[in-house]
Amino acid sequence: MLPAVKTVEAEEEYAEDCPELVPIETKNQEEENLDFITKIPVTIVTGYLGAGKTTLLNYILTEQHNRKIAVILNEFGEGSAVEKSLAVSQGGELYEEWLELRNGCLCCSVKDSGLRAIENLMQKKGKFDYILLETTGLADPGAVASMFWVDAELGSDIYLDGIITVVDSKYGLKHLTEEKPDGLVNEATRQVALADMILINKTDLVSEEELNNLRTTIRSINGLGKVLETQRSRVHLSNILDLHAYDILSGISLQKKLQHVSTAPHLDQSIVTVTFEVPGSAKEECLNVFIQNLLWEKNVKNKDGHCMEVIRLKGLVSIKDKPQQMIVQGIHELYDLEESLVNWKDDAERACQLVFIGRNLDKDVLQQLFLTAVAEAEEQRTAPGRDGVCPSH
């Protein structure tokens, strides 16, 4: 896992207390596969206020599904029977209390990010096999996901399985097209952009035309995530659990997904999905530089002179001298490059296919920069230049 680059001042301050780095032993493929059998998956459930994410979690808590799921609720609808069982006030402060339900699920209420609740939950390991974490309606799921992603790299007992975003059919379009001051991306749009699974809820409350408009807008923002439509947040668990959106198992289905990525233009062009495929292999160090310029330095401009902001990155790439297809994943300033379980059949098949979700993205500029910095084929190489790159700060 590669974290964000610190400023020069921060680096100098950090260097004074920086411990000596020591080499660590990396796990082989078999050990990594075993980890996913023993670790507990975490799915983040997000969505704008009133979209139905708490209804979804309450549905899971009360249905019989033969799964032992621990659910961490951050918000409750008024009059919730589950809320009354969980919200225990002491000294004017709400604290968490784990409640074991009849269907084998565990549930608690928290008023923070849920990380503390998960730490306490791990003491009950053996009583559950899955964790669902609800974020607040205005939360950026990418920030929460990044914490779990980094934690997994440090040998945690949990791993991030996926991000589910619930969208209200009646008010979703209004939320997604709401303009924020100073050019900021609104919360609902960011939640859709980061989702691996998007649930369009309350479809019975709108006309087919309204639903089509919402579908088009969602697809223009996130052309990679799977979209399901539902009423009253009822969905089969197989559609939202065990997505493996961030681990090596995602490479098995990722190739098919990349072939059907939707890149329809977004109405206001603030958040879009762009994708391209380049034949041949890349040098790993060159690929790292390309990604770091996008995610860390944020110094790549589009044709209008605006710096591109990548919120989500995903792709399958061919790395020179490696037989496996490599999975590249990125959220905000974190990214990872790891081997998939699939090998390239032959050199003629090798290619790099990338999907970017973000704002001010320009496919032509991204593809040319990739070719300049990464592509191995000599006929695809162009001389390095500074065009399209912002000055470093």
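Placed from the backbone N, Cα and C atoms, the Cβ positions cover glycine too.
Taking Swiss-Prot as the reference, the stretch among 16-23, 48-55, 112-119, 136-143 described by the feature motif 'psi-PxLVp motif' is residues 16-23. Spatially, by CA atoms, the binding-site residues GLY47, GLY50, LYS53 include one closest to CYS107 (Zn(2+) binding site), and that is LYS53. Taking each Cβ in turn and tallying the other Cβ atoms within 10 Å, the top scorer among the binding-site residues GLY50, LYS53, THR203 is LYS53. Minimal Cβ crowding within 10 Å, among the binding-site residues GLY47, CYS107, is found at CYS107.
Secondary structure from DSSP puts CYS107 (Zn(2+) binding site) in a beta strand.
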